[in-house]
Amino acid sequence: MRLPKEGDFITIQSYKHDGSLHRTWRDTMVLKTTENAIIGVNDHTLVTESDGRRWVTREPAIVYFHRKYWFNIIAMIRENGTSYYCNLASPYYLDSEALKYIDYDLDVKVFADGEKRLLDVEEYERHKKKMNYSNDLDYILKENVKILVDWINQERGPFSQAYVNIWYKRYIELKNR
C-alpha cells in the first residue's frame, strides 16, 4: 500500500472490537506521513455514524495516528484555545480504502484551560464484558492511558501549541494553493 502524500485526502474508519463499523470521516487532508505516523486535518469534514446519522466537524482539527501507540489524538482549534479529544484505540492500519482502527471506548478530553477528564469508563467496562476484551488488551489500554497522560503533562507532540501551530499553518498553505 502506497503511503498517502501531503495534500492527499483519505477516509478514516473506526471500528468496534467485534468488527462493526463505528464511524467514518470523509476527506481528511494528509499533512505528513512517516513510517509510523500520519498527521492530518479535518475541517468541516463529513462524519457518518454507524446508524447512518451524518454531521460535519465544526472547527479545524489536527489529527494524529501512530502504528505503535494505542491511542489517537484530535487537537481541536477553537477561539478559546486548543482542546483535545484522545481515543484509546488500536494502532492504525492503512489499506487502499481507508485508515482504520479499533475504538476502545475510553477517551481522554483535555480542555483549553488544561483540565483533563477520563471519559466513557462505564461504556468501556460494558464493552469489555460484552466483546470479551482479553486481560492483555485491558492491560495494554490502561498502560496507554498512562502514556497518553504523560504526553499531555509534558506537552509532547500534538500537545505542544507549537506543534498545533506548525501543522495548522501548513494546512492553510496547502488549502490556499
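The backbone N, Cα and C atoms fix where each Cβ goes, glycine too.
What Swiss-Prot annotates here:
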- ARG23: active site, proton donor (ACT_SITE)
- ASN87, ASP103, ASP107: Mg(2+) 1 binding site (BINDING)
- ASP105, ASP107, ASP120, GLU123: Mg(2+) 2 binding site (BINDING)
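Considering only the recorded positions ARG23, ASP103, ASP107, the residues lying within 10 A of ASP120 (Mg(2+) 2 binding site) on a C-alpha to C-alpha basis are ASP107. Of the listed binding-site residues ASP105, ASP107, ASP120, GLU123, the Cβ environment within 10 Å is emptiest of other Cβ atoms at GLU123. Of the chain residues outside the Mg(2+) 1 site list ASN87, ASP103, ASP107, SER14, PHE71, ASN72, TYR85, CYS86, LEU88, ALA89, TYR104, ASP105, LEU106, ASP120 have their Cβ within 8 Å of the site's Cβ mean position. Taking the recorded positions ARG23, ASN87, ASP103 in turn, the residue surrounded by the fewest other Cβ atoms inside 10 Å of its Cβ turns out to be ARG23. Cα spacing between ASP107 (Mg(2+) 1 binding site) and GLU123 (Mg(2+) 2 binding site): 10 Å, rounded to the nearest whole number. Same-chain residues that are not part of ASP105, ASP107, ASP120, GLU123 yet have a Cβ within 8 Å of the Cβ center of the Mg(2+) 2 site turn out to be LEU88, TYR104, LEU106, LEU119, VAL121, GLU122, TYR124.
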